[in-house]
């Protein structure tokens, strides 16, 4: 039987019978050295084989787990709607909203609660309880525990800032003022105006000043495909705010779910209206939620349903227009505050030349001016850089909806 070619050759001892004892001793010593060397090679190969065996064992275990996963039937998501006292449960399957009465195992009967999210099999038996649904849906929400925007970062919105502080900051920081006067603070604040005028910055700055968590959600995220999903997300939004209070809820693009109702009978429009009804319901009970305030923003104030604007919901309507020349000068000074700007740059002249620019566009103007300076390998921003940036933004505005061409459509 031949040996593996990967094994080292076995050393052999050839001793001449006619050799002297000293020569025999030297031969034995050389043979011993050869044996030790071969043993080292064999030990190294053994270590490699054992390492490879361990890798193969891990691969086998992984494949076995994958095989078990492939053979395991998928589970469906459902919500517990009711828990009768006979050990059963009424569950509603997600997607088709089918309600089923199913028996619970003794292990789950004592721990399950109404509203829990569960996994069920094809026979509608509850297999396990899932994590809090609010956590699973938090990906649709932007939660900022401590916004970095301050009042100093906002320019040209002194009147709007004062109104927002009165309606949001004072009820959280100085509630005794309202108790002393005997009035209730506004239930909600609606910011309306063209895009890029600083509506989100206003909300973040107030959250920073009050040390409140900032929970932002776009209204379009509340528009869901399946029946009941949007309403459930609205409930999750307010439940998350309760967990993180003091908190400020900011709903951007609220017109996506609060547009004027029509006679349309399509399922999509009906679902949007159900979502709006859930939002109104949550706001009607808002005064019992403690240190939670709500702010919404829209670019299309003219599209909002009258129900969302009635007293007790959004009590304070604040228009955030494009900045005037003085406000534009202040905004430019803020955004260029950290830039190395040449002394020859006059922000008042720039403000006069940027009529109808929004705050966001002025921020882009400062950034683009800095980019032109970098392009010319300079560490100082000149007036010509701002002029080049202006021309660039205007040119982009001719082909995109983001240029300095916003109409004043807020009536």
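First residue shown is number 1, and so on along the chain.
Backbone N, Cα and C define each Cβ position, glycine as well.
Record note: among 35-75, 76-116, 35-75 is the stretch given as coiled coil by Swiss-Prot.
Taking Cβ-Cβ distances under 8 Å and a sequence gap of 6 or more within the same chain, the neighbours of residue 199 (ATP binding site) are 191, 192, 193, 252, 297, 320. With respect to Cβ neighbours within 10 Å, the binding-site residues 197, 200 differ, and 200 shows the lowest count.
Across the annotated binding residues for ATP (196, 197, 198, 199, 200, 201, 335), the two most widely spaced Cα atoms sit 17 Å apart. In the shown protein chains, 20 other C-beta atoms lie within 10 A of the C-beta of residue 196 (ATP binding site). In this structure, residue 196 (ATP binding site) belongs to neither helix nor strand by DSSP; it is coil. Cβ neighbours of residue 201 (ATP binding site) (same chain, under 8 Å, six or more residues apart in sequence): 149, 153, 154, 359. Each residue in the coiled coil (35-75) has a pLDDT score, and their mean in this model is 87.
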